[in-house]
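Annotation comment: TrEMBL describes A:134-314, A:496-675 as domain 'ABC transmembrane type-1'. As annotated by TrEMBL, transmembrane segment applies to A:21-41, A:139-159, A:182-207, A:260-277, A:297-319, A:328-347, A:408-431, A:438-455, A:475-493, A:505-531, A:623-648, A:654-675 (among others).
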Amino acid sequence: MTTAADPVSAARARLTPGAQAALVTVLVGCVCLLLGPNLPWLTAWPAAWTAPATQWVGVGAEWFLNAIKPAARGFSEVLRFPMDWANFVLGATPWPLLVGGATALGWAIGGVRMAMLGFAGLSFVLASGYWAQSMNTLALVAVSVPLALLLGGAIGILANEFTRIRGAVQAMLDVMQTVPTFAYLTPLLLLFGFGPVVGLIASAIYAAPPMARNVMLGLERVDAEIKEAAVMSGGTRLQQLFQVEIPSAASQIMVGVNQCLMAALSMVIIAAVIGGFDDIGWEVLLTMRKAQFGQSLLAGLVIVAFAVIIDRMSAALALERRRYDPRVAYSLIGLAVVFTVVFWSHLPDPATFTLLDPLAAAVDHGLGAFTADNGARLDAIKNGAMFYGLLPLKIGLDDAVLDFTWGFQWTAAMSLALYALALVAGLLLALRERLTGGLLLVIAVGMLETGIANLPWPFVLTATAALAWVAQGRGFAAIATGLLLTILLSGLFERALLSLYLSGAAVFACALVGGCIGLLCAVSPLAWRIMRPICDMLQTIPLFVFLIPVLMFFQIGEFSAFLAICLYAVVPMIRYTRHGLISTPGEMIEAATASGATTWQTMRDVRAPYAAPTILLGLNQTILYAFAMLVIAALIGTTGLGQSIYLALGQADVGLGLSAGASMAVLALIADRLVQGFAEERRRALGL
Amino acid sequence: MSSDTAPAITCRHVWQVFGPDSEPALAQALAQSGGDAAAAAVALRDKGLIPAVQDATFEVAEGELFVIMGLSGSGKSTLVRCISHLLDPTGGEIRIHGEDIVTASKQRLIELRRNKLGMVFQHFGLFPHMTVAQNVAYPLRVQGVKQAARRAKAQTVIDLVGLSGREDTYPRELSGGQRQRVGIARSLVADCEVWFLDEPFSALDPLIRRQLQDEFLQIRANLNTTIVFITHDINEALKLADRIAIMRDGRIVQIGTPTEIVLNPVDDYVREFAKDVARGRHARVASVMHSGDGGGHVRGPDDPGLRRNMTLDAALAKCMDLYEPVPVWDDSGMCVGTVHPAELAAALQVDEA
Ligand SMILES: Nc1ncnc2c1ncn2[C@@H]1O[C@H](COP(=O)(O)OP(=O)(O)O)[C@@H](O)[C@H]1O
Ligand SMILES: [Mg+2]
């Protein structure tokens, strides 16, 4: 035994970093709690301390945007040509040709299955009566995707060639992908004016990072010996790059193309909120506003049909593939041509197709009947979730527990009792060598009692810094604190807390539900067979479409937003949990089985610890997904930064839009790095 | 080796140090140790740098087959990559046919690789998106050779390595042995003068390995290239090499002919390698005989008829029951020296000592 001279340092040495961080956080929380009533600036950041940062950003950005406006307008004039052209081609081509073309393309890429997909998908679009709007959307995608591919490809290649800028490029790509989609639109609106060009450019910018990332990754992963063989063959750098490295990285790059296509489609549809362009996204928005949910669902399904076709076909390109007889594809096109020529004078205008309208009407009718019958039950679900879950989280037990919600009024005595209980439980845990757990329990109870939206800023700053310190060390703690301070100074902190509350609640729910589903899928192949297509579908559907079903049942409001976020963000949690749990090396499981462990013991003692880093990465994805959806959900009623960004778009307020967008990105980046840090730590602990 | 023509490859005090700011660190370490390589390497390691090649100095003669051997991680690949300039050496001088390649321009390096250097890789380094013929013809394609001409040239090397008929298959459809044949063909298509092979057969099954070694020797007999061949297998080294350099932890610890390595290992590390070898089958009588005309020996009827290039095993079998020095004859029937049977036996016993 060592004898420590100084009891304080001896105690410190015995505390893990986690316990130290938790202890500091508890202390700061206590101080805020005790002094809060007397020192109001401790709880709420005084307005006098905020700098008019949003205005400054606005003025600066507007000055800058105005300066480059002529160039931008010129650029948009140039873009008008390909756009008009794409519009013309897609709009003027008779629909049988396009349906035939999609089928033929499907055949060439993936044989019968893809051909059927192309045929069925486009037929559905045709039958929906939204043909023209769909072609407008498609025209935007058709122009923005090549732009995004070029931009992303160039960034990826340059970052690969000049290793010195790689770090900076990575950081830029991170930011580009975490800045919420709507936030892109406001400055672009100012630059290019109302019109489809904004959506086009926004989607090109938004879709470039995945391409760049995959190009970088693909080039980096090319076998070192293949690169060396190209060098030793006497190729110039350009020959090496274009004749050897890029073709060798083709399948990874195709993954980038796939992601790029999906991102572009998603953004083009989101950009419909600007309006002024008769595309399918606008149709969804319009019908949603008019509460015509049947039509809205139909339009949403058209979007889904496109997403599925584009996704599956481009994903098939990334795989090693068989060659399919091109003659079949040619005959399909020939058939379409013959059909078009023969029926030329009888070809109906696709806008007159109303095959599915009865279905839409039936949905509306059925929904009306359903809500009429079950309105009370739906309301009960919604109110239950709000009163007993979301509201206490948001504003704390002392404000949320009222006579008319919980049936009694929260009193100061109850608060005291709760704290006392938490302290006792915490102490008990601490005495059983679980000090960190005990402290975390106290913190959790304190947060529940106060409510996330009412958390005092010193506490938030300390807690974030403490977490950051544990996860990534001192440097990151400083950066995180600095970034949070800028949010504080710009006066957006309250809204940031509101965003944090809603995304936090959604992430928590996703972690719980997704974790359980993932676990189920890991033990039961049948469950995974059912869940897998659902997960695939949820990840293919553009964000926008998630709003329709939740609106149908729960109307506008925070609960609907919460549900939409959960629906979208739960998928990575399911996938990663399952993947982590099933990818435990067989030898380890055999060793556990040989030691006599039951299935559940193996799960708890072997699989779960081994899967922890993977599951944490899933959580990380879930958090990023939640932030992305949070902004979209602003359309149906959320408070917080998402709402600010959406409002800024409506008022063309660049300052607010950029600041709120940046704040959102800051929150997402901090969360991202925190979880990554923990995942990394777990992985190191396991020696992976 | 005539002294007026430059050796094919000259390496002088070549260092390769991995890690940040390795060049100043190396200069400083050398200055501090007064040029003592071992001490400098220790100093570099202490700083967290990796001295993967330390102070390598050797020459490879024109037409020689020079094998570099050592355990995995001993720096063989790094050294050969310095010579082919896939890596820029941290320090030292490397010449190919007298031309300094460390300071050569990018353009000149491309020219050298197009006309002079060829390389074969351990894991083949085949381009996955190209067929066998396209892979093989690639060094010609980068030079702008016309399609028909390069196809014809590629065909001759494809025939040479015995892959006729597989021209239009893709690498993934070939077995390991076939893939390495493609790698060999590709490195030969541009008529290289210096040929680098980095553990070309190590990834293959023993049977295939032996077969490819034999074919390699045949190919080599018809070329007059200088060859640097890397291996971690002592038997492969002994079978192929004119001379062997043995590397350990970045240092070359011994350079010598196969016989010298087997009979006179400089330290335990080399001895450990040599232990696995039935040395009677590798060492020749010439390595243990006393030169001289043997006092005008005339070949008697009971002379065992030892020859210079007989293996020790064979020689010992012939003079096992003799106790006098035995004359050794060359091919023309001249007596070139004597060997004592006891010395023969002793030479075979070294490793038990
Ligand atoms: N690019 C590199 N960066 C850092 N260390 C390297 C690098 N390449 C090789 N090394 C190290 O140099 C040493 C020699 O490696 P190598 O030349 O590949 O050995 P061998 O070919 O003999 O197996 C090893 O310790 C290896 O880890
Ligand atoms: Mg090697």
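Backbone N, Cα and C atoms are what each Cβ position is placed from, and that goes for glycine too.
Where the annotation comes from TrEMBL, it is an automatic prediction and has not been curated.
Same-chain neighbours of the transmembrane segment (A:505-531): 389-390, 393, 562, 565-566, 569-578, 581-582, 599, 603, 607, 615, 618-619, 622-623, 626, 629-630, counting only residues six or more beyond its ends whose CB sits under 8 Å from a CB of the stretch. Panel annotation: around the transmembrane segment (A:654-675), residues 53-59, 61-62, 65, 174-175, 178-180, 182-187, 190, 464, 467-468, 471-472, 476, 480, 483-484, 486-487, 490, 492, 495-496, 499-500, 503, 616-617, 619-620, 623-624, 627, 630-631, 641-642, 644-645, 647-648 of the same chain, lying at least six beyond its termini, place a Cβ under 8 Å from a Cβ of the stretch. Long-range neighbours of the transmembrane segment (A:623-648) within the same chain, counting only residues 6 or more positions beyond its ends whose Cβ lies under 8 Å from a Cβ of the stretch, are 178, 180-183, 186, 270, 273, 285, 492, 495-503, 506-507, 510, 543-544, 546-547, 550-551, 556-558, 560-561, 564-565, 568-569, 571-572, 654-657, 660-661, 663-664, 667-668, 671-672, 675. Recorded stretches compared: A:21-41, A:328-347, A:475-493; the one with the most Cβ pairs under 8 Å to the transmembrane segment (A:438-455) is A:21-41. Nonlocal intrachain contacts for the transmembrane segment (A:475-493), taken as residues 6+ away from its ends with a CB within less than 8 angstroms of a stretch CB, comprise 45, 47, 49-54, 57, 457, 460-461, 464-466, 468-469, 641, 644, 659-660, 663, 666, 669-670, 673-674, 677. Through the fold, the transmembrane segment (A:21-41) approaches residues 15, 49, 435-436, 439-440, 442-443, 446, 450, 456, 458-459, 462-463, 466-467, 469-470 of its own chain, all at least 6 residues removed from its boundaries and within a Cβ separation under 8 Å.
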